[in-house]
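**Q** Have a look at the structure that comes next, please.
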Amino acid sequence: VEKLWQPQDLLPEPSSPDFEDQVRDLRARAANVPDDYWVVLVGDMITEEALPTYMAMLNTLDGVRDETASSPTAWAKWTRQWVAEENRHGDVLNKYCWLSGRVNMRAVEVTIQNLIGSGMNPQTENNPYFGFVYTSFQERATKYSHGNTARQATEMGDPIMATMCGRIAADEGRHEIAYQRIVDRFFELDTAGSMLAYAAMMRRQITMPAHLMDDGQHGASNPGRNLFADFSAVAEARQVYQAEDY
């Protein structure tokens, strides 16, 4: 853990005598970032902050769930360590958005609470084959999204935001490889069962984890509109995550 990056490595240091100057510099850079980029960054952050839902989802899977919340099994340890690494992502994005002065943080917090309270339906049932096919695709999706926000932050001249999103993307890439290796092993041990699971998930499609995102206001203010669908439309328009990526 000591060798891993932590959110504070990328944020103004509160104990530093020039903390306020660091915050002013961050805000000056943030002021030049267009609104649609913030829509994508905030949507990504809200998705990352719903981590309790994703841990709950993994612990619905037969044969791999953490039966005691501190089980010594390899599957349980993997889930806890994966969650521990992922926790840094929402943490750093949330703090950055708060410091930027560009985001209505109470609305964000309401949306996060609503999303966690609503859960998600990845259509994986309790089947570990379904579950790990899902996670393999989902980690790649987040790798693309954060990687593209990093690239665009570089183009906009914000190296700190670029580094932040780039490190998240790198984590997601490593997690993608791990989940793919699990699925590869499934195919080695049970080719027919794994292929049927893969086919089933393709027919069901890979549901995005934040598909139940709701701030309690967007739908009322925009009848017939869906917050997650509109967020996705902005992400596609900015070429952060597109249909081709999916």
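Keep in mind that glycine also has a Cβ here, set from the backbone N, Cα and C atoms.
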**Q** Select one of E20, E48, E236: the residue that TrEMBL places in the Fe cation 1 site alongside E86, H89, E172.
**A** E48
**Q** Of the candidates E49, E67, E109, E139, which does TrEMBL annotate as part of the Fe cation 2 site that also includes E86, E172, H175?
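**A** Site partner of E86, E172, H175 for Fe cation 2, according to TrEMBL: E139.
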**Q** What's the most sparsely packed of the binding-site residues H89, H175, counting other C-beta atoms within 10 A?
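**A** Ranked by other Cβ atoms within 10 Å, the binding-site residues H89, H175 bottom out at H175.
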**Q** Whole-number Å distance between the CA of E48 (Fe cation 1 binding site) and the CA of H175 (Fe cation 2 binding site)?
**A** 14
**Q** Near E139 (Fe cation 2 binding site), which residues of its chain come within a Cβ-Cβ distance under 8 Å, counting only those 6 or more away in sequence?
**A** E172, G173, H175, E176, Y179
**Q** Name them in sequence order: residues not among E86, E139, E172, H175 whose Cβ is within 8 Å of the mean position of the Cβ atoms defining the Fe cation 2 site.
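**A** Sorted by sequence, the hits are W82, E85, Q138, T142, K143, D171, G173, R174, E176.
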**Q** Which residue among the binding-site residues E48, E86, E172 has the fewest other Cβ atoms within 10 Å of its Cβ, if you could check?
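**A** So among E48, E86, E172, the binding-site residues given, the one with the fewest Cβ atoms within 10 Å is E86.
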